């Protein structure tokens, strides 16, 4: 694999690792599936990853067609993606994203508190929007639309797929992992990743503006 492909794989993997935030979602997964047995937790983990993968890959492959149909240039999409990712980064740094996830989890549990059996949480809120959120969907569209090289597209899809596999492993180990890390360590990691995402988003915004106005 060439240096360019390795660089592309690394950039894509890091971006989606930050966006999906597996370590941040793990406590929510543990809470949402706490009422079920081990088989139920495994089922929810596998099914939620499958749902997220279908959504992300569908937008990854259909993004270019959608942008052409709406007459949106790649530079405009790059700039818009930079703004969106920056807002997500701010939420991560100031822990607003975690608060919303916790609220969504509590709200979902409250609606089903009297159910005798644990309900299916794989599609909502796990698959959407905790794993396949607006940021990961838009970024998948951007990365795939930014190249016509199928080797590069394969590298991008591999990086996304590896992130989803990693998320599945973390979900399957969610209970012990949450106890080991604790809330403070998980919160610190989320903030650090938020700073990394903020830097990436600013670079995307700058590149988008340069391309749109032919400044580079």
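Sequential numbering from 1, following the chain as shown.
Each Cβ is built from the backbone N, Cα and C atoms, and glycine gets one as well.
Since this is a predicted model, take the numbers as computed values, not measurements.
Going by TrEMBL, these are the annotated features:
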type	residues	note
TRANSMEM	6-32	transmembrane segment
TRANSMEM	44-66	transmembrane segment
TRANSMEM	72-94	transmembrane segment
TRANSMEM	154-174	transmembrane segment
TRANSMEM	180-206	transmembrane segment
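When each of 6-32, 154-174, 180-206 is scored by its Cβ pairs under 8 Å to the transmembrane segment (44-66), the top-ranked stretch turns out to be 154-174. Panel annotation: around the transmembrane segment (180-206), residues 14-15, 17-19, 21, 23-24, 26-27, 78-79, 81-86, 88-93, 95, 97-98, 142 of the same chain, lying at least six beyond its termini, place a Cβ under 8 Å from a Cβ of the stretch.
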